[in-house]
Amino acid sequence: MAVLKTGNEFSDAFSDQYEQSTIDKFISIILCRGDFAKQKLDAKPVSFFQLFRFATIYDRFIMTVGAILAIVSGICQPMICLITGELTNILLLTKDFEKSETFWYQAYVYVYLFASVGVSMVVIIIAQYLCLKNASLNITCTMRKEYMKSLLRQDAVWFDQQKTGTLIAQLNANIEKIKDGIGDKICMILRGITMFLTSIVIGFIYEWRITLLMLGMGPASAALLSIMARKVKRLSELQISADGRAAAILEESIINVKTVAACNAQETMIGQYAATLKACRKFALQIYAFAGFFDGLFFFVLYFFYAIGFYYGAHLYRTHIAMNPGYIFTVANVIMFGSYYLGVLSPHLMAVLNARVATAVIYKIIDRKPSVDSSSIDGIKLNKVKGLVEFRNVKFSYPTSKEHLILNGLSWTAKPGDTVALVGHSGCGKSTSIGLLTSLYTCDSGAVLIDGINVLDINIHSLRNIVGVVQQEPLLFTGTIKENIRFGNPDLTDQEIIDTCKIANAHDFINKLNEGYDTRIGAGGIQLSGGQKQRIAIARTIARDPRILLLDEATSALDAESEVMVQSALKKASVGRTTIVIAHRLSTLRDSDQIIVLDKGQVAEIGTHKELCSRKDGIYASLVKSQQFEEKRNVLPVLVEELPSESFHRSFAGSSRNSSNYGILSSMTRGSIISGDVKRASITNEPSEKIIGQNGKKKNKSKGLWQLYTNCHGNYGKVVLALLVSFLRGLELPAFVIIFNLTFDAFAPADLESIMGRILPVVIIYIVLGAVCVIVLFAATFTFGWIAECVVDVLRLRALRSVLYQDAAYFDTPSTSSAVTVTRISIDAPNIKAALDSRMMQILNNVVAIFVMVVIAIIFNWRIGLVGTGNLLLLILLLLLIARQMQKLNKRALKKDLTGQLAIEIVEQIRTIQLITREEHFHREYVQQIEELLRVQKKSGPYEAVLFAVTSSYMFYSDMLSYALGIALIYYGYSTPNEVFTAAVSISTSGWALIMVAGCLNTFVMASPASDSLFQIINTENTAKIVEEGIRPEITGRVEFKKIHYSYPTRPQQNVLNGLNLTAFAGQTIAVTGPSGSGKSTVIALLERFYQFNSGQLNLDNNSITKISLRYLREQIALVGQEPVLFSGTIAENILLGTNGKTMDDVREACKIANATGFIEDLPQGYDTEVGEHGGQLSGGQKQRVAIARALVRNPKILLLDEATSALDAESERTVQQALDVASSGRTCIVVAHRLSSIQHADQIFFVENGRVIEEGTHQELIELEGKYADLIRKQDLKS
């Protein structure tokens, strides 16, 4: 019965939730944010001061300076209301203006105050911003370093409970939260609180009665935002969940695009993506609706209290309680000013709380003490090691499934210098034994010893420096081949590297690469075959010259000839050292001094190959029989070409090494599904606008947002409505200016008894304006959001469709690799929304407001209007220059930011790094990258500071210029106070609107390159239109390759196929074998039309494959690969992927043939069992049988098997091979295999080398030919 994982894979760092502290709840309630008080947190928040645990003395000093300056700027900001109120008083109460020296000097005092406070604000805010910005960058930089340092020392048990993507995502997300919470948000909180308190103080000083009446404005505003936040939070959680499902489908379908294409499942995946986007859109629209409605109510509350304040002020003025009308303006404006900032304060406080929670999560990992600390200096340091390995009654179970014992009293011994082989079915404890021997895990009871010393008592680095491991799934690092080998021994000379690679049979293929040993592999490098990567990994381990050698399926990815040569090299390398071998190809174990057969965590059989084969009913004997060739004639043994026995030892005679530079090169991850180079989805060194298409040409022409706006088909009706309501929204500020003018007139010297009659219509208009805001803001926010969601969802679907219909060559280019393409769609789509949603609305309505208010200013006083317009243009020019410079710096930062790529590589290959004891190297490299990024990020600080300072103090300069000119005009009789006042308020308010535009400009600017990037994907030529085109002939299954030449687009000068001729008749099973890199898998790829051959003919039943409908072709062909790809969903859904009209009866029949019915029906949910991410809930053999069932349910005429059993243990291989034998019956079957025992019954076998067939015939005919195939047979034959 199959044992499934529990699914409890989430980190203990993220699983717990905590209540907020009493003080946090109190602050939330005081701010009318009761929803925050009830909110569960991901971790118990650290105290405020613990946020600065990693701050240096210098950081603490500049943080303190920044905080003090933020308080000072908060005191200065409300002064604009005070100064304006005093000026208003002078304008309203002065009887004689013309040539009045008293008026001139009284008024100009306040003009000078505008200037002096404005200049002070600029200096203070720049200094404050730089202090807090640099301190936050320094602190978070140190946190990143400490986080990575801690990750590098954690134990394997902890990593078994993590999702690697979660660790990096949590690092990035939490660091951004911390940076946000300890940077400008602290500044905004201190400024906001100080502004509100200063406003209250000013209000009470000038007119305490009006202040008391209007004090309700702040709490009422905050209460509304609280209700909105509660509604939006619930919907946001649902939206994020739906968006996560959509992102998972996007990533899964693009990363596994070949499987999707082979199954004709493009429309299935697009349909699933569309369904999740639709669910996400439903929640998003509700969020827009609530946000628009409550934003409108927020402004209604502001206008309502503002109107009441003026009405009550008029009453006080009429009754002579308030003597100065200017004071009424001062109090009303300053309370509205302070209340507005109090209303928007809670998000900043929440950002600090989020930062405290994020810091707690980060600290939890930083402070975690691992059970096996790879950085520990404790323990015995071994000098002379004999190599005696002992397991004494070892019991072990993985922490994730304690009830299931993997090892149950295991005892065995490997004598110094002996070669011991471990054999058994999957899950019997072979690889677990290696994990215990290297202290990746610690046994529950019993002991593992080296030279009689418990491995737990040995210094961890010392232990791992005497043990070398080569594993089945070679993990290579980003860099050159030379650098990868030097990870084994950094002291190797170039010649020693060459000698090492010759031993590992890697020198020849490396030499053929254009850059040789300097060829880059990994992210942005060339693609290597599994065998090539394996040989580099072997060379890296040989370079270490370890005393104990652990070989875990070390040659499984190699062809037979390479395997024999590498086995010979490993055999020579093992002379004088203890070697533990795990292998499924039992032919590699014949010469072992001892073979130990494991079953249920115990030793079931022990002996030599000959001894165990003599036990006819034994486990080992039955496994050997399943892999033997049928004996039809005697085959003489051949001698493997000898390697000089001294070559290995001599090549390292001059190499020195120390404990920090050595260890194992392969991961010990249990159940790992990663092979080869790590897939990275975070960073590409290419800017998004420089995407190289499949034709190799750069497409740099930018169409900006024009292309986006001309692709809103089906939404133009909504666009017209959105523009209309945005225009109406833009009239709000001009209306406010006009009403403010009426308010000024109402308080002008006249009969005080009639003032209440004059102010009442003004009050009513204010309240009506607030009510209109509710309607217009709701309509505008919802409509723009509706457009954004609809348009971007369509673009996402178009992008996915374009990608899924690309040929495989498209993904071979680094800038359009699967991982990069996923990242581009994931990032570009949200960025595009800034040009369509409420941010676009803000820009449009504020542009309308600016234009109308400038017109109003010019109408009331053209001189002030023109001067103010010139001032606005200067501000716009400054903003554009700063934005452009910041964009350049951001692009430079993105280009230089390799931290994400490096972090992913470290986390994905953490165990390999630990086992080769290279933690310090990778931490040092990460620190260098972080510090380089820090230097670039700090360069943008001054520009951001100037931008923040100018926008915060602009109204001081605007009012200074307007009133300076206006006072002169009044003095000389060219204008009236009312005209000057209205024009000045118009220009000042238009500056406020421009600042609102600037606030959205940063994200809006990002929408243009994001649009270009996404449309480059959408507009890339693909097969979507031609997939149905072509003939649909009756297919019998005859396949013919005629003089096929082919080279991969990334390596056009290197031919993979050189005039290949190969024929498979209908119903035949043919096998293709040969060395790694000879073109075997390319045959499969060309048949699936993943690539287009360069020349020659590829025919299917005498029809050129290029003329057959692509969809129809793939309906006739089914592929089972070496690493089966399953998608999130149930077993049944995976089997039916891309099919039409198939029923559950068909599924059951396919599973029966695939020998999968037994384990599926034993599962609690049967065919409805979720297979998990990448099929992770199933074992390798189970996944492979589900993949075979997926192929069979299509009832294909041609079945392609590409190394379909190479990754399986002997028992699983036997089961799957039986399924394949049944599956191939009655259809053409093309098999690619290295294990020759699996193809001995093929009707025809083709031996391919250097892209051509050099031998062909049946198994017996090729043996009699005494050629290369016969050589391989002798090397793999298990007969003793």
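Glycine is no exception: its Cβ is also placed from the backbone N, Cα and C atoms.
Note: TrEMBL annotation is automatic and uncurated.
Here TrEMBL flags 61-85 (among others) as transmembrane segment. Within its own chain, the transmembrane segment (61-85) has Cβ neighbours under 8 Å at 52, 55, 110, 113-114, 117, 120-121, 124-125, 127-132, 134-135, 186-187, 190-195, 198-199, 202, 206, 326-327, 329-331, 333-334, 337-338, 952, 955-956, 959, counting only residues six or more beyond its boundaries.
Among the features that TrEMBL reports, domain 'ABC transmembrane type-1' is placed at 65-354 (among others).
Positions annotated as transmembrane segment by TrEMBL: 105-127 (among others).
The transmembrane segment feature in TrEMBL is assigned to 186-206 (among others). Below 8 angstroms of C-beta separation, residues 66-67, 70-71, 73-75, 77-78, 81-82, 85, 128-129, 132, 214-215, 218, 327, 330-331, 334-335, 337-339, 341-342, 344-345, 348-349, 352 of the same chain, each at least six residues beyond the ends of the transmembrane segment (186-206), sit close to that stretch.
The transmembrane segment annotation in TrEMBL covers 212-229 (among others).
Annotation comment: TrEMBL describes 287-314 (among others) as transmembrane segment. Long-range contacts of the transmembrane segment (287-314) within the same chain: residues 207, 209-210, 213-214, 216-217, 220-221, 224-225, 227-228, 231-232, 235-236, 239, 322, 325, 328, 331-332, 335-336, 339-340, 343, 732, 743, 746-747, 755-756, 759-760, 762-764, 766-767, 769-771, 773-782, 784-786, 837-838, each at least 6 residues beyond the stretch ends and with a Cβ under 8 Å from a Cβ of the stretch.
Under the heading transmembrane segment, TrEMBL lists 326-346 (among others). Panel annotation: around the transmembrane segment (326-346), residues 31-33, 36, 77-78, 81-82, 84-90, 92-93, 188-189, 191-193, 195-200, 202-203, 206-207, 210-211, 214-215, 217-218, 221-222, 224-226, 229, 298, 302, 305-306, 309-310, 313-314, 316-317, 743, 747 of the same chain, lying at least six beyond its termini, place a Cβ under 8 Å from a Cβ of the stretch.
Annotation comment: TrEMBL describes 389-625 (among others) as domain 'ABC transporter'.
Through the fold, the transmembrane segment (719-744) approaches residues 88, 92, 299, 310, 329, 712, 759, 761-762, 765-766, 769, 772-773, 776-777, 779-780, 783-784, 787, 841, 844-849, 852-853, 856, 860, 978, 981-982, 985-986, 989-990, 992-993 of its own chain, all at least 6 residues removed from its boundaries and within a Cβ separation under 8 Å. According to TrEMBL, the feature transmembrane segment maps to 719-744 (among others).
What TrEMBL lists as domain 'ABC transmembrane type-1' is 720-1006 (among others).
The feature transmembrane segment is assigned by TrEMBL to 764-788 (among others).
Sequence annotations record features per position, and here TrEMBL assigns transmembrane segment to 843-860 (among others).
Taken from TrEMBL, the feature transmembrane segment covers 866-883 (among others). Distant neighbours of the transmembrane segment (866-883): 850, 854, 857-858, 943, 946-947, 950, 954, 957-958, 961-962, 965, 983-984, 986-987, 990-991, 994, 998, 1001-1002, 1005; these residues of the same chain sit at least 6 beyond its ends, with a Cβ under 8 Å from one of its Cβ atoms.
Sequence annotations record features per position, and here TrEMBL assigns transmembrane segment to 945-974 (among others). Within the same chain, residues 73, 77, 80, 83-84, 87, 91, 97-100, 103-104, 107-108, 110-111, 114-115, 117-118, 121-123, 125-126, 129-130, 133, 184, 861, 863-864, 867-868, 871, 875, 878-879, 882-883, 886, 980-981, 983-984, 987-988, 991-992, 994-995, 998-999 sit at least 6 positions outside the transmembrane segment (945-974) and bring their C-beta atoms closer than 8 Å to a C-beta of that stretch.
Residues or ranges marked as transmembrane segment in TrEMBL: 980-1005 (among others). With a threshold of 8 Å between CB atoms, the same-chain residues lying at least 6 positions outside the transmembrane segment (980-1005) that come near it are 88, 91, 733-734, 736-737, 740-741, 744, 831, 834-835, 839-840, 842-843, 846-847, 849-850, 853-854, 856-858, 860-861, 864-865, 868-869, 871-872, 875-876, 879, 883, 886-887, 947, 951, 954-955, 958-959, 962-963, 966-967, 969-970.
What TrEMBL records for 1039-1275 (among others) is domain 'ABC transporter'.
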Long-range neighbours of the transmembrane segment (764-788), counting only residues six or more past its ends (CB under 8 A): 284-285, 287-289, 291-293, 295-297, 299-304, 306-307, 310, 712, 715, 718-719, 721-722, 725-726, 728-729, 732, 735-736, 739, 742, 833, 836-838, 840-841, 845
